[in-house]
Amino acid sequence: MNPSSPVAHVSCRDGSPLNGTIRVPGDKSISHRALMFAGLAIGTTRIAGLLEGEDVLRTAAAMRALGADVTREGSGMWRVSGAGIGGLHSPEDVLDMGNSGTAARLLCGILASHDIFAVMTGDASLRRRPMRRVIDPLAACGAVFAARDGGRLPLAVSGAADALPLSYRLPVASAQVKSALLLAGLNARGVTEIEEPEPTRDHSENMLRHFGAAVEVIGQGRGKLIRLRGQPELMASDVMVPGDPSSAAFPIVAALLVPGSSVTIEGVGLNPLRTGLVTTLCEMGADIVILNQRAEGGEPVGDLVVRATTLRGVDVPPERAPAMIDEYPILAVACALAMGQSRLRGLGELRVKESDRLAATLAMLRVNGAQVEVDGDDMIIMGGANRLGGGTVMTHMDHRLGMSALVLGLVADDPVTIDDAAFIDTSFPGFVDLMRGLGAVIGPAGGPVEGLA
Ligand SMILES: O=C(O)C1=C[C@@H](OP(=O)(O)O)[C@@H](O)[C@H](O)C1
Ligand SMILES: C=C(OP(=O)(O)O)C(=O)O
């Protein structure tokens, strides 16, 4: 993707409600993991509903370069024949992980405990993101990493020929770090132990079990100890990927905010470690009904019926952050439209996402007339500004900023423009068309609504 794409896209309030029934693309976290675990398993795994966004396509290409047989069979339908744990080989060329922190960090885990040499890079956004949080703990298994200043990509890794198990207490609440260590632990002799003081998404633990590994999780409440016995035989096992709750967040908030709307989103993943946004919106008074709760591929799933509601301000506790870490930009849009003040607490991790999301979300709202402040790691938003919109939002290569700004435009008094829509494809290909199908007016700035590439 071209980060300096000159296209400006704009969304406008036109008074018509959003209506319809949709599905959002497959869960990004689960899609990355399905390709990685299937690539390490013996036998052939079929994956249905894989997210075909740029980020996940980078993982597919990397696993292929490392020796797994990864084939697209149809829309969202993929077949992976794994190389078995320890069976991957050195890639012939540099692994380019594009815009994806998850792909880069989880792959570091795989590389660390394989006897291979690899070099990894990414786009300008990913090259700014901290990698020490994975390479420091992974080095303890015997891998040797060399990275650019500050522990940034590009990096080179010489994986351990005979990896040692890891024992580590996570200093930040990060499912990416946890998953990188679990992936390394798969090819280590003995038991890898990870202490997790704050719970984060557990898709890796669920998928390890799905592929036949023995994972023990000790502790029920907040603090957990995760134990993985190394060198299990991972057996191929088909995966059905649920709709991504982090993508559903955009039509959910749009339906709540655009008066008269009623939107049903089918097949959304409802893992409790991902549903912080729904909890928060319900605290704001949102009319969200969950129907047909069921389990699909080891993950809870349901259909969400969302109707427009007048929202009130909310105080979101810091401990909820891991369950909605990617949803703060769109929650901030909801707060700007709510009655009263909101305080979103403990958002330090937002500074190291695809952009500095704390600064970029503040700028998005301010340039469109909302009153917002950052106080330490908290964001404070005054809802109900007299007039919103009219600004151009700099998206800084960050898909979630782009989508949040377009949703803001659907309810603002004046059009909202974004500098670059290209990065939306990293997690939500087809976003603009899907929103238009519900009745949203989104199009190039100053041009006709139809014809947006
Ligand atoms: O494990 C994952 O799939 C992810 C974990 C989160 O990152 P952190 O682990 O850095 O919090 C999240 O922001 C990212 O979009 C996906
Ligand atoms: C932070 C995100 O992804 P990643 O870390 O994989 O780039 C995201 O999708 O919002």
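Every residue, even glycine, has its Cβ placed from backbone N, Cα and C.
Looking only at the domain 'Enolpyruvate transferase' (14-433), the predicted model's pLDDT averages out at 97. According to TrEMBL, the domain 'Enolpyruvate transferase' annotation covers 14-433.
Here TrEMBL flags Lys28, Ser29, Arg33, Ser174, Gln176, Asp326, Lys353 as 3-phosphoshikimate binding site. For Lys28 (3-phosphoshikimate binding site), other Cβ atoms within 10 Å of its Cβ number 26.
Positions annotated as phosphoenolpyruvate binding site by TrEMBL: Lys28, Gly101, Arg129, Gln176, Arg357, Arg400. Taking a C-beta cut-off of under 8 angstroms and a sequence separation of 6 or more, Arg400 (phosphoenolpyruvate binding site) has the following same-chain neighbours: Ser246, Asp326, Pro329, Ile330, Lys353, Glu354, Arg357, Ser427. In the three-state DSSP scheme, Arg400 (phosphoenolpyruvate binding site) is classed as helix.
The active site, proton acceptor annotation in TrEMBL covers Asp326. The secondary structure of Asp326 (3-phosphoshikimate binding site), as reduced to three states from DSSP, is helical.
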So which of the binding-site residues Ser29, Arg129, Arg357 sit close to ligand 2, that is, with a CB under 6 Å from an atom of it?
none
Taking the Cβ of Ser29 (3-phosphoshikimate binding site) as centre, how many other Cβ atoms lie within 10 Å?
27
Within its own chain, what residues at least 6 apart in sequence put their Cβ under 8 Å from the Cβ of Gly101 (phosphoenolpyruvate binding site), listed in sequence order?
Leu126, Arg129, Gln176, Lys353, Glu354
All-chain count of other Cβ atoms within 10 Å of Ser174 (3-phosphoshikimate binding site)
22
Taking the binding-site residues Arg33, Arg129, Gln176, Arg357, Arg400, which residues show a Cβ-atom distance to ligand 1 below 6 Å?
Gln176
Which whole number of Å gives the largest C-alpha distance between any two of Lys28, Gly101, Arg129, Gln176, Arg357, Arg400, the residues noted as binding phosphoenolpyruvate?
19
